[in-house]
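Record features (TrEMBL):
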type: ACT_SITE; residues: Ser128; note: active site, phosphoserine intermediate
type: BINDING; residues: Asp53, His189, Ser191; note: Mg(2+) binding site
type: BINDING; residues: Asp53, Asp357, His361, Asp398, His399, His473; note: Zn(2+) binding site
type: REGION; residues: 245-264; note: region 'Disordered'
Amino acid sequence: WGCPWRLPALLSPPDAEKTPGYWNKGARRRLEMALALQPAAQRAKNIILFMGDGMGLSTMSAARIYQGQLSGGSGEESVLAMETFPHTALAKVSGAVPGGTLLLPLLETPLQLSCFQTYTIDRQVPDSAGTGTAYLCGVKANAKTLGLSGAAVYGKCRTTFGNEVDSVLHRARLAGKSVGIVTTTRVQHASPGAAYAHSASRGWYADANMPKDALQDGCKDIAYQLVHNTDINVILGGGRMYMTPKRTPDPEYPEDPDQNGTREDGRDLIAEWLNAKQGARYVWDKKGLDAVEDDSVSHLMGLFEPKDMRYELNRNTSTDPSIVEMTEKAIRILRRNPNGFFLFGDGHIPLAGGRIDHGHHSGRAKQALMEAVMLDRAVARAGELTSPADTLTVVTADHSHVFTFGGSTPRGNSIFGLAPKKAKDKRAYTSILYGNGPGYSIRDGARPAASLPAAEDKDYRQQAAVPLETETHSGEDVVVLAQGPMAHLFHGVQEQHYIAHAMAYAACLEPYATEPGCRAARRASHGTQCSPQLLLALLAICIAALIVGG
């Protein structure tokens, strides 16, 4: 995997930065790498999509510094694994495509830098359901709806029917690939839910969360659809309580009734899933996950919390797996398929990687940035387990947050530290701030002064300008980084739904399955591996021939 874009002199003595040669040498190396860069025009056998929920550009920049400081450096010169990808784009969270035109770069290439716009049909600033439908299903939709076109109305069950749109994950499974979902949220959350569900409400986790009229009209809850809509090989995340009957004790918290199952229809969806899949396994803790042998199962479901998984900084490392460990297990199982695989990794910053988002909503920047760092570590591990020769890896976000950092801080200042000068009110403030959220505070008629070490605590809430119960998303464009076959398709300023189309084109999935080069790609895929049964049969024939010949 390496880090081809890292400056060669980063390990030089500190005084080296004061010489022009330091910067000239690094820039020349990057220029040479850029001149040598050639598009990988072959089709992708595998696709991995990492989605950092809420991972805007400011979050990525702060996470880069935090990662460097965790490693003992000043932080600013650090490089995330995802930042080594050679192709970059931006996704619009707001804007429109004139005439609804979608251009693939192989046909026309107006720009080389790519930007992706994340707005939904009905909102300037989006939510995770509408954006998930865009980057997974390839169409812009209304906020709070999953896997439905813009004709569907939030909360109106009857508008579901006839407006369903299929995800790239679903299409990959129909094409014979293995597919998987890894998330640090509940697996029924909006981001992973867009991969398999068609729901007029992102909040219909179980039947107990649905209104009676929706049930009467024939709509199904998201947990039910997880088990019955798409044959998903690997499902790893949280969300146990939505899968079992009401009052079913949770295996990890049997004495806590708040963690019990919630289903009112009496169905045990975990049991239904196990009974329907030959070679399937279900686990609910790290010990169980570690015990699963990669070549012994065709399907794996791991649900490690009743709802969302714990933040990385709160995680019990002996009972709960990390997103890195879940990603590795998923890839080791999925890559056995000679036809390839599609893996969706969701990190919320608190965060596919799914709790980045949750951390920002609560105004706790340290929780959010640690989730971003862990998502990047999952990206790095995925790179070690796959090859860019046949695997297209894409990293993006669904939206950003009103999160920023500044204040003329000196080099090496803790990313969670204080600005060097006090504000106009003569009080200290942290470099990290939020535009709105629960961090707003007035005491004795004034803003309280920020202080250390309190500001370094994992649960410290950075100050916000506007008081809100939860911090909000923001509407700026988000970055897309790509490496592998057809990664050059990610270019310019694009609508967010373009991501699904570029991935489908790269892997010869519908509606691009008959495009030039796809037939050869399928032959190559089928010809790369032989099944164990065929190899044994050939071995038996050879042995028999030797015996007869002898």
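Each residue's number is its place along the chain shown, starting with 1.
Note: Cβ is positioned from N, Cα and C throughout, glycine not excepted.
Projection of TrEMBL feature records onto the structure.
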residue	record	Cβ neighbours (10 Å)
Asp53	Mg(2+) binding site	36
Ser128	active site, phosphoserine intermediate	28
His189	Mg(2+) binding site	31
Ser191	Mg(2+) binding site	32
Asp357	Zn(2+) binding site	35
His361	Zn(2+) binding site	22
Asp398	Zn(2+) binding site	34
His399	Zn(2+) binding site	28
His473	Zn(2+) binding site	24
Item to complete: Using DSSP, break the region 'Disordered' (245-264) down into helix, strand and coil residues and give each count.
Response: 3 helix, 2 strand, 15 coil
Worksheet, complete the sentence: Running the recorded positions Asp53, Ser128, Ser191 through a 10 angstrom C-alpha radius around His399 (Zn(2+) binding site) leaves Asp53, Ser128
Practice prompt. Pop the Cα-Cα gap between Asp357 (Zn(2+) binding site) and Ser191 (Mg(2+) binding site) into the table, whole Å please.
Written response: 11
Response to the item:
Cα of His473 (Zn(2+) binding site) to Cα of His189 (Mg(2+) binding site), in Å and rounded, measures 17
Worksheet item: From the Cα of Asp53 (Mg(2+) binding site) across to the Cα of Asp357 (Zn(2+) binding site), what is the distance in angstrom?
Response: 5
Worksheet entry | Distance, the residue listed as 'active site, phosphoserine intermediate' to Asp53 (Mg(2+) binding site) (CA atoms, angstrom) | 8
Discussion item. Please report the Cα separation of Asp398 (Zn(2+) binding site) and Ser128 (active site, phosphoserine intermediate) in Å, rounded to an integer.
Written reply: 6
Item to complete: To the nearest whole angstrom, state the Cα distance for the pair His361 (Zn(2+) binding site) and the residue listed as 'active site, phosphoserine intermediate'.
Response: 13
